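The coiled coil annotation in TrEMBL covers 89-123. The annotation domain 'EamA' is assigned in TrEMBL to 188-262, 273-415. According to TrEMBL, the feature transmembrane segment maps to 28-50, 62-81, 190-215, 221-239, 246-267, 306-327, 342-363, 400-418.
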Amino acid sequence: MSYVLSDDNLKSENYSVKNEKDEKKKKIVLISVNLLLLFSMLLYGINYTLIKYFIKLNGSTYIFIILRSILTIPIMIYIYSSKKSEPKKKKLLCNMKEMVKKEKNIEKKLLLKKNNNNNLNKNSHSSNKCYDNIKHYDDDNKNNSNYMSSDNNGNIYNCEKYETCVNIEGANDHCLSQINKNDEKLIPKVAYIPMIISSVAGSLRQIIVIVALQYTDSHNVGIIQPTIPIFTALMSHYLKIEKMNYITSLSIFLSCIGLAITAEIWNIHSLDFGFLLLLTVPVTKGLQVIYINIATKYVNNNMIQFFEMIVMFFIALPFGILGEMLFKKKYNIINEIYNLNIYQFLCVIYSAIAIIFICWKIQIIALNHLTPISVSLYQSFQPCFTFILAKFFLNETIGLNKFIGTIFIVVSLLLYQYRFHKKIEA
């Protein structure tokens with residue numbers, strides 16, 4: 001488990017298949033990631049049950065949000081203290097370093113064969129080639145010619161300085177400044193938008209689920225989860241990540257029928273406010289996994305999680321405080337937290353550690369290896385865990401329409417998964 005959760009061991013670039021041993025190692029990691037995703041679905045099911053239990057003990061959802069936000073502070077400190085810049089996680093650089101090194105080796109051989117006059121010509125030609133190669137990967141860099149130095153006698157490249165030019169990790173402040181700046185930044189500019197969207201979407205989803213459980217049963221949260229991969233596919237089509245076809249359209253149609261049966265759409269008065277709130281969960285979750293997947297190409301896993309947690313802190317904490325004061329008409333927040341019993345406090349601790357730390361960590365790791373839709377497909381297991389926990393621990397009544405609607409949703413999911421695997425095999 002610890003091996004799989006290690007960022008150093010789970011970098012996808014570490015598992016490029018070079019031989020049979022590497023292929024086996026990659027398969028082991030992928031199996032471990034899939035098992036971790038399944039385990040996280042169980043943790044989510046327990047979380048919904050405990051939040052509902054917290055509310056049944058006359059706990060305020062806003063106090064739950066406030067306290068959980070506060071409890072994430074030590075987790076954020078731990079994650080931030082363990083952060084590290086990843087100069088090798090550079091999708092934007094592609095294979096520039098390797099290409100320029102090859103260029104350098106060829107140039108060295110030419111320099112040994114030619115006389116000083118030829119060396120001067122070749123050096124000038126090589127400088128232009130190096131400049132063109134670097135400019136190809138970073139259009140904003142306009143000062144690359146400053147990184148080539150010449151001998152006082154023959155204007156020949158100084159090999160040591162040339163190495164500094166092409167070695168991104170060892171570059172100084174004047175060498176490839178724009179690329180190097182992104183290299184040392186924990187969040188490069190290209191990752192700002194994906195990080196912000198995924199963090200805000202994840203924060204809103206957490207708040208929506210907690211508030212919705214005040215008005216609806218915990219098993220309804222599980223019912224909504226299998227619709228997430230369908231909505232993720234829909235958003236992927238809109239964002240031009242994946243194309244729609246008739247099977248995807250049929251899956252979405254069946255999923256909508258399942259939701260209608262589950263919600264008893266023919267009896268509109270039976271719809272509770274909590275269930276209506278939960279209908280926004282597939283959208284927020286879909287956005288979260290899509291943009292985390294993009295962010296993992298540029299940013300360290302720990303930094304993604306830290307950024308998501310700090311955004312959630314600044315969204316959830318004010319929301320909880322304002323909600324408690326405006327809707328509950330209670331202004332002594334500290335006293336309300338102090339009045340919680342030990343069981344309620346343990347529910348909040350579990351949610352902070354199991355969901356915000358462990359499940360978010362697993363999700364980010366999985367998105368380094370799998371597509372957003374593949375990760376979303378695991379949401380179909382949540383009703384299995386949630387139904388059992390809700391029935392045995394909360395004694396919730398689960399009507400026949402809930403089971404029928406869930407079956408429709410799961411069938412639509414399996415249909416989409418079949419098409420997804422067929423596409424991979426093709």
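One is the number of the first residue shown, and numbering goes on along the chain from there.
Keep in mind that glycine also has a Cβ here, set from the backbone N, Cα and C atoms.
Across the candidate stretches 62-81, 190-215, 342-363, 400-418, the maximum count of CB pairs under 8 A to the transmembrane segment (221-239) is reached by 400-418.
Remote same-chain partners of the transmembrane segment (306-327), defined as residues 6 or more beyond its termini with a Cβ less than 8 Å from a stretch Cβ, comprise 60-66, 68-70, 72-73, 75-76, 79-80, 83, 187, 195-196, 198-200, 202-204, 206-207, 299, 333, 336, 356, 360. Across the domain 'EamA' (273-415), the DSSP tally of helix, strand and coil residues reads 119 helix, 0 strand, 24 coil. Taking Cβ pairs closer than 8 Å, the transmembrane segment (28-50) reaches residues 3-5, 9-10, 15, 209, 213, 218, 221-222, 225, 347, 350-351, 354-355, 358-359, 362-363, 365-366, 369-370, 375, 378-379, 381-382, 384-386, 388-390, 393-394 in its own chain, all 6 or more past its ends. Here the transmembrane segment (400-418) has Cβ contacts under 8 Å with residues 219, 223, 226-227, 229-230, 233, 247-248, 250-255, 257-264, 377, 380, 383 of the same chain, all six or more residues outside its ends.
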